[in-house]
Structure formats: structure tokens, C-alpha cells
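This report refers to the structure that appears directly beneath it.
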């Protein structure tokens, strides 16, 4: 006679019970609702169970967010601020050159997620742009004059690096410290973090990269026009970003803070133009008088 499915299940259960009675120390593994026995020496199933437990612990740890973040003194802490893709950087550059009324750069463009990748490379590019364009301007302005001898000025790279990076770090530090102090005094809501302040200053300098290239053109009126356009664009980014933070303060403090930010920004652009793109002064080459020339010719003969 053919055994029914219930009889087969009962027979398997009896075999498992007999094996457990013979070896009480045997480990069992349950899969798909059926039970099977494993001898004590079979380590493969035990290892499988251990790996599964570790995987479950790891996934639960990730879900609970119990992994500790790295300290600020470690490389991993700062690596997160450089973890941006190309499209994010391009969107932020676009927002820095097209400021719109009512659009806060930090809230609408950065979306409270600052990065240091864009500001760092913008500052580096601006340093070399100023130095190279300034040397080209010095070379091309008096071109065609026989009294001018061009000498490359490599020290401009160092000066540009010091000026740009000090401005991009010290000025945001001062602005952030002042705003933090005023908010504590007035018991206002928290404003921007230091990294957000550095980020908006770094991206606001992007407009000066194409401007410095156009400064090579030997037209003084065009250079001042480009300075004015660059100051309006970059200054608007800073004003639209910091005005919502200071407008709740006293009128004198609010306008003084915004005016200081604009003046420091204007001093940077005007100073770079005056130093790196100054009009070259022609130093005439000394010529020998006719009597000196005749005396030299007489001595040679």
C-alpha cells in the first residue's frame, strides 16, 4: 500500500526523535518548517548560523544608526565635506553667478549641505588665473615699445594665494563669529554654521575667474566695468544670504554688518585689479651721447 503524506511526516519525526535520544548534544537546523539533525562534528551549519547572526547584528546596527561618527581630528570627518558630485558643484556655481531676489544661497542652493570641494578648487583656480592673467597683461600692454623689457613675475602666484585663501577663510570666520555672538546676545534663532559661511564665500568668488581672464584686454574702462559687474553679482550672493540673519537685529547693526561685508568684498576685487593688472610704466633705455659714442669709437681704433 502507498503511504500517505501524513504517515511520511510522522515517520520523519520519529527518526529525528530517535537520533536526539541517541545523541542529546547534537545541534539542529530548521529550514522551511522541516527539522533535520546534524552531528556535533558538522561545523559547516554552525558557521553558517554564526555568519547569519553577524549579518543580522550589522544590519540592525545600521538601521538604528548606532555606528559612531569620526572625530573632527580624523581624515574621515573632513572627507564627508568633499563628497559631492559634479552636478551638485555645477548647480552651486550656477546659483553663485545668477543670484535672484528672495533666494538664499545656503537655504535654496546648498540646502544646508555645505561642501569644501567647490570652494577649495575655486580658490586654487582663481589664484592661478590672477597670476597668469596679470603676467599676460603686463606683457601685452606695452607690446611694440622698444623701451620695455618684460620680466616674468612669478611671485604673484604666492601673493595671490595668500590674499585669496586668507580672504576665503578669515573673513568668513569673522562674520560667523560676529553673527554667533549677536545671536546669543539677542537670543535669536541659530544662524549659519562656519562651514556654510565658508562655502558661500568660496562660491561667491567664482565670478572673478572669468573676470580676471577678461582683464587681460588692454582697455582700462572695460576693466573697471568688469569689476563693477563682478562686485554686483558676487556681492548680491552675500547680501541675499546674510541679510535674513541680521535683519532681526537693530537697524544700525544690521546695516553695518551688511555694509562691512560689501566693503571687504569690494576691497578684494579692487585690490586685485590694482596690483595684478596695473598699467606698466615704461622705463626708457639709456642712450649714449654722440660725444661718448665718438670717444668709444676712437679708443677702439
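Including glycine, each Cβ sits where the backbone N, Cα and C put it.
Note that TrEMBL annotation is computational and uncurated.
Taken straight from TrEMBL:
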{"type": "REGION", "residues": "24-65", "note": "region 'Disordered'"}
{"type": "COMPBIAS", "residues": "25-44", "note": "compositional bias 'Low complexity'"}
{"type": "COMPBIAS", "residues": "51-60", "note": "compositional bias 'Acidic residues'"}
{"type": "DOMAIN", "residues": "97-268", "note": "domain 'Yip1'"}
{"type": "TRANSMEM", "residues": "116-137", "note": "transmembrane segment"}
{"type": "TRANSMEM", "residues": "157-179", "note": "transmembrane segment"}
{"type": "TRANSMEM", "residues": "191-209", "note": "transmembrane segment"}
{"type": "TRANSMEM", "residues": "221-243", "note": "transmembrane segment"}
{"type": "TRANSMEM", "residues": "255-276", "note": "transmembrane segment"}
**Q.** Within-chain partners of the transmembrane segment (116-137) [C-beta distance under 8 Å, separation at least 6 from its ends]
**A.** 78, 81-82, 84, 89, 92-93, 152-154, 156-157, 160-161, 164-165, 168, 195, 198-199, 201-203, 205-206, 208-209, 212-213, 215-216, 218, 272, 275-277
Q | Mean per-residue pLDDT computed across the domain 'Yip1' (97-268) | A | 87
